[in-house]
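Below is one structure; the comments refer to it alone.
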There are 10 protein chains.
Amino acid sequence: MSDTAQLTPSETSPYAGLPPINVKLFEAKARKGLSFDQIAKSINKDEVWVAAAFYGQAKLSEEELKKVSQVLDIPATEALSELGNHWWPNRGLGPMPPRDPVVYRLYESVLVYGHAIKAVVHEKFGDGIMSMIDCKVTIDKKPDPKGDRVVLTFDGKFLPYATW
Amino acid sequence: MSDTAQLTPSETSPYAGLPPINVKLFEAKARKGLSFDQIAKSINKDEVWVAAAFYGQAKLSEEELKKVSQVLDIPATEALSELGNHWWPNRGLGPMPPRDPVVYRLYESVLVYGHAIKAVVHEKFGDGIMSMIDCKVTIDKKPDPKGDRVVLTFDGKFLPYATW
Amino acid sequence: MSDTAQLTPSETSPYAGLPPINVKLFEAKARKGLSFDQIAKSINKDEVWVAAAFYGQAKLSEEELKKVSQVLDIPATEALSELGNHWWPNRGLGPMPPRDPVVYRLYESVLVYGHAIKAVVHEKFGDGIMSMIDCKVTIDKKPDPKGDRVVLTFDGKFLPYATW
Amino acid sequence: MSDTAQLTPSETSPYAGLPPINVKLFEAKARKGLSFDQIAKSINKDEVWVAAAFYGQAKLSEEELKKVSQVLDIPATEALSELGNHWWPNRGLGPMPPRDPVVYRLYESVLVYGHAIKAVVHEKFGDGIMSMIDCKVTIDKKPDPKGDRVVLTFDGKFLPYATW
Amino acid sequence: MSDTAQLTPSETSPYAGLPPINVKLFEAKARKGLSFDQIAKSINKDEVWVAAAFYGQAKLSEEELKKVSQVLDIPATEALSELGNHWWPNRGLGPMPPRDPVVYRLYESVLVYGHAIKAVVHEKFGDGIMSMIDCKVTIDKKPDPKGDRVVLTFDGKFLPYATW
Amino acid sequence: MSDTAQLTPSETSPYAGLPPINVKLFEAKARKGLSFDQIAKSINKDEVWVAAAFYGQAKLSEEELKKVSQVLDIPATEALSELGNHWWPNRGLGPMPPRDPVVYRLYESVLVYGHAIKAVVHEKFGDGIMSMIDCKVTIDKKPDPKGDRVVLTFDGKFLPYATW
Amino acid sequence: MSDTAQLTPSETSPYAGLPPINVKLFEAKARKGLSFDQIAKSINKDEVWVAAAFYGQAKLSEEELKKVSQVLDIPATEALSELGNHWWPNRGLGPMPPRDPVVYRLYESVLVYGHAIKAVVHEKFGDGIMSMIDCKVTIDKKPDPKGDRVVLTFDGKFLPYATW
Amino acid sequence: MSDTAQLTPSETSPYAGLPPINVKLFEAKARKGLSFDQIAKSINKDEVWVAAAFYGQAKLSEEELKKVSQVLDIPATEALSELGNHWWPNRGLGPMPPRDPVVYRLYESVLVYGHAIKAVVHEKFGDGIMSMIDCKVTIDKKPDPKGDRVVLTFDGKFLPYATW
Amino acid sequence: MSDTAQLTPSETSPYAGLPPINVKLFEAKARKGLSFDQIAKSINKDEVWVAAAFYGQAKLSEEELKKVSQVLDIPATEALSELGNHWWPNRGLGPMPPRDPVVYRLYESVLVYGHAIKAVVHEKFGDGIMSMIDCKVTIDKKPDPKGDRVVLTFDGKFLPYATW
Amino acid sequence: MSDTAQLTPSETSPYAGLPPINVKLFEAKARKGLSFDQIAKSINKDEVWVAAAFYGQAKLSEEELKKVSQVLDIPATEALSELGNHWWPNRGLGPMPPRDPVVYRLYESVLVYGHAIKAVVHEKFGDGIMSMIDCKVTIDKKPDPKGDRVVLTFDGKFLPYATW
């Protein structure tokens, strides 16, 4: 068995298609032993949003890029040249349906509760949607003697359908 | 054009595959002009959970079935004979990817934030998942002068992976 | 060959999954020989939006439903009972990829110009999307000696991505 | 973590399958800090069409290739050798359904308004299609106090179906 | 085994989703023992185009509908009420990839010769496509001692790509 | 942006999976500025068949390989070592459904006219298929004042179904 | 809303495609309030195998059919006429990937542990497979103070690959 | 539970899309207790071919239809009116990949041995295919003390690729 | 034929997307001639769980990583730097449906027995699922004169559905 | 055009995912000009089985590997190190549906004759399957004046379904 033959890149990896600098961000984070929360604090952002940026799903401003590069000890010029003003996220990480159980459970929430959520949104807000663009996602740890709980919150603007 | 030819049933309908009584529940609810919240209050449950039950995604106890039938003026015997103790939800409402924009935005949250959520869950809880079985889903309306916001919360138990 | 066996309903029909009243709207429109534009004028709406409503992709207000029923000589009570305040559009008409050449050309525009449109939207507006919820769609006929032209316009609000 | 292992090329990237010169065009554009509009002006073309050409979805003439190479300071010989008279666009950029929210909204327009557009095109033009070959695509920014709007226009020739 | 249970309608049938009158056209044709060519002659059209119309893939004029109804002894009023001026073909008959060997061989021609055809079209005509809208399809029988041959011809207008 | 990261090979390229010599054939053809027709004449074959061979969809004899190598100034030994007697075409070039509009129109011909073609083949020849193995494909340019036309012809043997 | 329109049959139902008698078996079981285990005992079989037979995934002998009919108070003649010696199971219940969480977890076991199981089977048995034809499936309830456990066992014959 | 709601027709049934007479053929065969071999003998055909005809995958001549109707005691006129000279098989029974283990094993033979079969066919016959149109399929039972064996044989004409 | 061209990495390989160290673990295991059971004993774990860890489907603790590195004679620092505390399994190995017969049989068990298992789980435990997170998977060899048997056991916690 | 950019590896190649030694086996076979039959004779095996082994679909014993290496003049140590006792075939070569016409015809045999084969197997053997594990596949050339015929035989053990 030789490495070069067996070590096959994979579309299903969450790193598939990311610019090289993103992989360097993950490596530096691992080397430094920092959490997303610790990195996020340095730019006054939330950990979920910063993790999304590491996965190429959000756009850091040039100021934020410089600050993150400093915190992680990587050259800011490289980060700016790859993720600077000319770069725009190509959002959407596969595969779908997700294979990883953590991500699949989110997908299952759409299968099981999607229509119920739609029905209640309509009852409470009318004909429109909950925006996933103007939306903030946060994760809290809620201690519980029967087992800690993950509290995942989506706070998104309601957008009514235009008529014309 | 004749009805019987053109009116084609659809796999993509959220009513596809539901027992007939569920459609009657929706009809009675419309006729009575009740919201899921109003129905939910009669059995001390949350509106999202009750909506899920109407879509065949959750199991009402026999007591709850009787109470809901009474609130909606439909014969409890029919409800019990179709959704009683012998009946178990066949969960999962399609199609996937969702075509309806409200449901699609939930799906998009998995595409855009799925891996970030996974990364933060691991950092905060370790190797495991957020349960979608022992999980409560709620929707709140947050008034906002720039446009009201939908606050969608998943409160699920963290389950660590077994090793053996 | 017998009708009932061969005449198979089809998921790929644009009528698949619509409430029965919608089919009656199409039938009445054909019987009356009215165009979408003529119907739209009676409720001060655009023809594309009214066509979308006939296909179950937009929500007519109760006032509009009554007016349309009157124009088409169908009982308003039936329309209200099926498409009234309790009803919400289940948007998204298949199949995808579209098989019909007219609809496929729209799909092809995404394949061929999708990334170019994304790049120019980002250059002109920044990191965000063109809303398909707060969006108006119109079709104009532009006479041309070399062959008339279809001018299809999407006028949608730009939504910048939230950061948090 | 090593680069070469984790940095996996991706079918879902909009750069997948492009000739190397196209990537150089993007790099030079980023280095020069030019917009598509600025490049387009140098060859009297529209920004959307030029962006399409950068993504390998349109064919620049040899004259245009030379001019663009000059504007971007890259050797015209290389551009001509890769994208010259022998080269023909292999159109169609995936993935479909699109994962990126900007591109998905275009796809959603087909799901939600595709059949309505088809119906109105038939009413206004008869049995035929709107060409996506003899079609011009433009994007305008319409300032609006409630939020600027993207005006996306497709101006395509109507093609009636042949009968024989 | 009971009919009504086992006799399952099928999406994969070429009759799936056709208006009821089309099935009656097929039945009358079988009863009369007429070929498509014989029917086509009555309206001065080609047999392939008429067959396409029977499968709901082309639009007969009202004159043609009346003539065909007369030839087949079916009431013209019914044909006109279902396929008249208000009706537009919803083109595209599945399934794809085709399962029937006759249709599959056409699909295989795309797999095996599609790129070669594209290359030669570009060499002979430039950057554009062969229209499948302004295209005539004919089938001839060419006797051959080693086995008769099917000569299938597509005669379609070349459409050059617009630039703008 | 670095080449090696962004320049992602693509399954959807028509060159995907071809032996290296085929790419050299395309390069030499471009360098020499020869058309498929000019190359085909040197071996008394048709341009479409030769184009198919360049895309790895047909098998050149050793004599033909030598002649083509000579015409294109590439070493015959290399061509023979890769495409010689031991090599057999692995036919079928994706993706399907095709994304490129030229190839898609061929696919659309199957969707729109496939069943009509099948019906007429059966009427004219009986129960069997048109062979895509014993089939010759040619493209002619038919000048037309309203726009030149592509005449694409498939001349395939009819194969009756065996019974046993 | 009318029943006949909204109540759409569903391919994703586990009852899809079953002979009518199977639905009657489920109804009689519900009416009698019997468990699969109670029914299984009457024919000396396991509950999982009997449940599989109810879902049309296993073949009851004529003796067993008669006995089960008697236990459930349904006419044996009907059962024999539909599921008798001429009937063979058409195994395989969709949809896949499963949408129901109970069934999905089994599917997830293939995603997560499939290759590990394959590797250990090869190490312990050599080149071959675990038969799913000569395989017995049982479910036991293992009480556990931290929550009862499901013990699902597959006992299948090892089949070595033939060489020839 | 009510029949009409739960008893859902299924695309995955092998009877999906068959003309009603085919179901009657199966019913009469069951009622008469005849094997395919017994029916086949009456028309001097093989049992596999006759079974294919029952599934709508082969075309019985009018003589054969009459004879089979007589053997099965069903009215020949009905059989002729549905499967007579105007009727042509719409071949190809799904679903694919097959879910039933018997059919899946045939599919698995393509996955595991497809390329090996292709390689040996090329070595023994040259560039061409084994026809599945001029092909006879037979099944023999080979007694074996270690377990009887199924001998499945495809005897198909070799078709060399045309060159032109 | 040249290696670099023909030797194509594959998404369908079980090694696709694994970190390089995992391939080294497999290589060292092969070189040492150790079974998973032998490696597992060194860290007091089961062979199936260790095989899962080799395929990147389970997380070894740092202690376990060091011990396994020592047993396999590979540098622990490399293992820790790639699979240490910062690394989390990206679970789910494709392709699905599985192509390998060993893995496919597990998938077939879901197709054939999935709904029966679900029904019996509900009867024995109520509305909930068998956890695949808190689940132990083991394989035993059961000698049998008619052919040894594989006993595959899943021992998973029952999780009742939350209501709220 | 540059090699490294255009020469894209392909999932659809039959060599995708094979260990490097397998490609060397094919190269040596081509260089030596040996047929599979000639190689097979050296180890007393059939040509189809040996071809399967070259495609990684069967496992050669160490003795066989040594012998084949000797016949092909390649170092046995390399073959043993890659395909020795630690290596197990990862069976299943794509793509499916097959694109190559030779392999597709086998797939078509499942579509057209799959259910007929299943029906006859059940009639002759009862409820069970034809094993594709204990199965021998052979190809014979049957000379025929109307064109030679390929005789493809599957000789597989019948496996009756377990009941329990």
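Just so you know, glycine gets a Cβ as well, placed from its N, Cα and C.
Because the structure is a prediction, the values reported are computed rather than measured.
The annotation active site is assigned in TrEMBL to F:Arg105 (among others). Here the Cβ of F:Arg105 (active site) has 27 other Cβ atoms within 10 Å, regardless of which shown protein chain they belong to. F:Arg105 (active site) falls within a helical segment according to DSSP.
Per TrEMBL, the feature active site maps to F:Glu108 (among others). F:Glu108 (active site) is surrounded by 24 other CB atoms, counting those within 10 A of its CB over all protein chains shown.
F:Ser131 (active site) carries a strand DSSP state (E or B). Taking a C-beta cut-off of under 8 Å and a sequence gap of six or more, F:Ser131 (active site) has these contacts in its own chain: F:Gly156, F:Lys157, F:Phe158, F:Leu159. Annotated active site per TrEMBL: F:Ser131 (among others), in sequence order.
The annotation domain 'Cyanate lyase C-terminal' is assigned in TrEMBL to F:92-164.
Applying an under-8 Å Cβ distance to chain C, the active-site residues F:Arg105, F:Glu108, F:Ser131 reduce to F:Glu108. By a Cβ separation below 8 angstroms, chain G lies close to none of the active-site residues F:Arg105, F:Glu108, F:Ser131. Listed active-site residues F:Arg105, F:Glu108, F:Ser131 compared with chain H at a CB cut-off under 8 A give F:Ser131 as the close ones. Per-residue confidence over the domain 'Cyanate lyase C-terminal' (F:92-164) averages 97 (mean pLDDT, predicted model).
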